[in-house]
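So the structure is just underneath, and the comments pick up after that.
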């Protein structure tokens, strides 16, 4: 039996060698394929886990953004009420002063200015914090993912984070003061000549707000002619000049250099067309919500209904400006409310804001950021 098998192998030696080579090759290729498949599966699993981890970190970061906005609204409201103190004027009016008309005129300008500034500054706060916290969130994610690997140092240590995020004070300080000045001038120009006895409908109010917005948003547009995509409102959120830290160009510490880098990246983001579009969308939603809040006071009376006025018409009910002033004056408590109001919730939950935040986080949480 063995001799016949041996003779068979000798007679078909080349065929057997060829067959053995083929079978061996198939075996080796099979093993190699299994190894590669295992590597691909492991890599895909690692990428999936990393993506899931990054998605979880992003969603957690957005919740932090929302809570931070709500926590800062009382500070914003207090700053506004301090700069535009209408309460002192209403207190004076209760004493029936001889210059009552003059006080009413002042109250008209301050009330409208305060509510309009509240809308602008709240929208700016929402979008600016989205940018800042997603930039720093991206850095923190990279720190958590890479620290200690290959001698990688921390990109954004806690002291840098604190120093960077403190730049929001510009919006709550000098930026807000300048915004108040510009809006007050616009309100004076549009509403200053309108008599307190003159009646306005909700549609009239909407038109006046549009005219005021046009003046405010064109105030610095001539400065931006070279870059039409840049928002004219950036100046109120970050100063045009380099940050005060840049004045320390001699002997900057590594921490200061990192902070300046973060601030410059933020400035670039604020000057982008996407930021301008998102902020403008927020402002449109904000002023629409402001009018919705005031619409409650423009409901037709029984007498209006008897005369056949349309309930749904924005121009069916008109109120004297003197009666509209208290309505406008109280809007700050709805706009700058730290308890989730319809106004703030609308801004925080806008899809455009969410998408923009995701793009910012994506840009600053990728490994390529380490190479910059």
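Each Cβ is built from the backbone N, Cα and C atoms, and glycine gets one as well.
The shown structure was predicted, so the numbers you read here are calculated from the model rather than taken from an experiment.
As stated in Swiss-Prot, the feature region 'Interaction with PEX19' covers range 120-136 out of the listed 120-136, 137-153, 154-170. Cross-referencing 93-116, 117-140, 189-212, 213-236 with Swiss-Prot places the feature transmembrane segment at 117-140.
Long-range contacts of the transmembrane segment (117-140) within the same chain, counting only residues at least 6 positions beyond its ends with a Cβ under 8 Å from a Cβ of the stretch, are 57-58, 61, 64-65, 68-69, 72-73, 76-77, 80, 84, 155-156, 161, 164-165, 167-168, 171, 176, 179-180, 183, 216, 233, 236-237, 262, 265-266, 269-270, 275, 278-279, 282-283, 286-287, 290, 331-332, 335-336, 343-344, 347-348, 353, 356-357, 360-366, 369.
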